[in-house]
Structures are given as C-alpha cells and as structure tokens.
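Accompanying notes for the structure given below.
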Amino acid sequence: MRLNIVVLPGDGIGPEVTGAALDILEAVSRSEGIELQHRDYPFGGAAIDACGQPLPEETLRACLASDGVLLGAVGGPGYDEAAKRGAPRPEQGLLGLRREMNLFANLRPSRLYPGLEAASPLREEVVAGTDILIVRELTGGLYFGEREEGTVSALDRLPYSAEEVERVARAAVQAAKGRSGKLVSVDKANVLATSRLWRMVVDRVAAEEGMEVEHILVDAMAMYLVSEPSRFDVVLTENLFGDILSDQASAVAGSVGLAPSASLSDPGRPGLFEPIHGSAPDIAGQGIANPIGAILSAALLLRYAIGAETAARKIEGAVEAALAAGLRTRDLGGRATTMEATKAVLQQL
Ligand code: ATP
Ligand code: MG
C-alpha cells in the first residue's frame, strides 16, 4: 500500500506536533508495509513570511494531488497585528483550503482515556467510557448563507440542499459502520425548516444503508452531553450545532491537546487531518506541546485516506497504553516533553 501525504506544519507549536506525528507515522508504516511519502509545504503564517500569502498555489496543488494532508496549526499574535495593517491572515489559508478541497464532513472524536478522568470537569462515574464521534457538516448552513449586515436589523440565512445533507449523512453512516453502529442525528426539527429536510434525508440515507438512527433536538443534546455523555457513539449534525457541540464534547473529554480531527470530502478525494488545538503561541518553541492530538490525527489519516484500519488502531492503542502507563505532558498536569511523549508512544508501538 502506498501513502502520499502533504504535511503543512504551519505556525507556533504546529511544526513540533506534526514532527512528532510523522515519527509515529513512519514507524507504523514500516511495520505495516505501507510505503509512506511525505513532503512539507508552506502554509498559514509561515507561508505569509515566505511568499506573502497563506495558501500558495504550489501548496494547494500538492494538497489536491495527495492522498491526505496532515496539518499542525496556523496563526499567532504577530499575524493578528499585521492583519490590522492590511496583511492577509493565516486563517484565510485554512478557509481557502477547506473550500478548495471541498471538505464538507468534519469528524471530531472525543474520547475519555482510561486514567484521565481527572482531566474532565465531570464526575468520574458520569464521564467514564465516553467515546463520541461528532460528524459536523462543514461547508453549508448558516456560516455560508447570505448575510445582510446592519445596525438596526441584520440577517443570516440558513440554506441546506438535500444533496448537502445526503453526502454528510453518508459520511456519518460510513463512520458508524466502523464503530458500534449507533447513530444519533441532532437538529431542531420542531422549529426549523432546514432541520425537517435534514431529518427526512438522514432517515432516507439510514434506511438505504440499513442503519438505525435516533433523532435528538439540539437543546436536549446539549443537556445529554453533560448528563450522560457515555451513552453516545456517532453524532451527526449541521454546521452551527456541530461547531458548538464538538467543542462541548472535547471539553467533556479533557485536554485540548489530546483531540484529533478529520475533514473529509467525497470518497476518493483527499481529506485534511489536524489536531483541534491552535498554534499555542504561549508555549511554542519550548518543546513541551502535547503531540497526541496530532498523532491521533495521523491515525485518522491512515483510517480515512487509505482504509489502513489496523495501522490506525495500532497508533490509537499505543496512545492509550502510553497514557495508561503514566505519560503526562504539561497540559495534563505532568512534565513530559513533546519528544518524551513521542518516545513513549513509539515504545508502545
Ligand atoms: P485558535 O484560535 O488557533 O483555535 P486558541 O488561541 O483558541 O486557538 P490554542 O492555541 O489551542 O487556543 O491554545 C489554548 C491554550 O491551550 C493555550 O494555553 C495553549 O498553550 C494550550 N494548548 C493548546 N494546544 C496544546 C498542546 N498541544 N499541548 C499543550 N498545551 C496546548
Ligand atoms: Mg488562537
């Protein structure tokens, strides 16, 4: 099996955590007989420094031609300052890349690792066993509808087409098939017309795929995520609800440094894999960032880019074992450096 990936280290702790994730990818590729090819490209603030724009043409072309893209993080206070004087923002690169790669399905797993119960704000008996995959629609809805700015009145439109709902529903069903197969769809169908369309299309896709689906209203879901998070497996929802609920789910499961994400397009097209944390300028360059979010993103890349399920599980198992054996970076209340954390995972591999 061959795997050709583009690495976008980006800014702040981005290069530190993608470097760690590549060490793990290389090790697991060797043992699984995967022929890994990877190359770094400038992106975000680093690309603004190098050539004045956050998403250079060459970077975009390489991403579109790859099997998958591994991203660190973009942004930083220096760029925020420069943007006030009219410079482009690193984050514009990310939005452009999502659009050009047509990444309509955002997958965010939130898992409470055994032994890390103390990292959750919830009581141990409530949060134990939590392992949720949120599938958020990423290119439609309120964030992409027409807007009218105003100081007396303003308007944001929330459009969805059946086709947009269908393709993300299929991605969620696919993801649920690789897990326990329990699918929950979140909407506000008692009020919103788009939610009624959402529900109708999700029901049809689920029926076609022979999968059961439970519908939960978003306000109730916000309650259940803190009262009984371990009840959920795959949760499918639209853009705005998914934005809010996925941050809530990652807080329930602990540190921001642990959580990975995958943004997917149509089957056969490359996806984008990145930790959910930002560039963390406060700790950048110190070698103390937690690399696990990036390492788990590499596992998602193996799973969703080339279907290398065994290799993906090996990485996830090694992370779980390393945490169980006591690995704690600073964000988890310990003192392990990025390099020590990477070595601890490599050892478990
Ligand atoms: P963005 O706006 O880019 O999404 P942010 O500024 O909201 O991000 P982060 O950059 O993720 O937030 O940082 C938030 C806090 O979490 C910071 O104190 C940072 O040091 C810490 N943090 C983020 N990622 C990690 C990590 N991988 N390891 C350790 N600490 C981290
Ligand atoms: Mg930030």
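Cβ atoms are placed via backbone N, Cα and C, with glycine included.
Some features that TrEMBL has for this protein:
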- 4-345: domain 'Isopropylmalate dehydrogenase-like' (DOMAIN)
- R98, R108, R136, D219: substrate binding site (BINDING)
- Y143: site 'Important for catalysis' (SITE)
- K188: site 'Important for catalysis' (SITE)
- D219, D243, D247: Mg(2+) binding site (BINDING)
- G278, S279, A280, P281, D282, I283, A284, G285, Q286, G287, I288, A289, N290: NAD(+) binding site (BINDING)
Among Y143, K188, D219, G278, A280, N290, the recorded positions whose C-beta sits under 6 Å from ligand 1: G278, A280, N290
Annotated recorded positions K188, D219, D243, G278, D282, filtered by Cβ under 6 Å to ligand 2: G278
Which of D219, G278, I288, N290, the listed binding-site residues, has fewest other Cβ atoms within 10 Å: D219
D247 (Mg(2+) binding site) as reference: those recorded positions from R108, K188, A280, D282, A284, Q286 with C-alpha within 10 Å of it: R108
R136 (substrate binding site) CB neighbourhood, other CB atoms within 10 A: 27
Neighbour count (Cβ, 10 Å) for K188 (site 'Important for catalysis'): 19
Listed binding-site residues among R98, R136, D219, D243, D282, A284 whose Cα sits within 10 Å of K188 (site 'Important for catalysis'): D219
I288 (NAD(+) binding site) to D243 (Mg(2+) binding site) - Cα separation in whole Å: 28
Spatial neighbours of D243 (Mg(2+) binding site) that are distant in sequence (at least 6 apart) but have CB under 8 A: R136, Y143
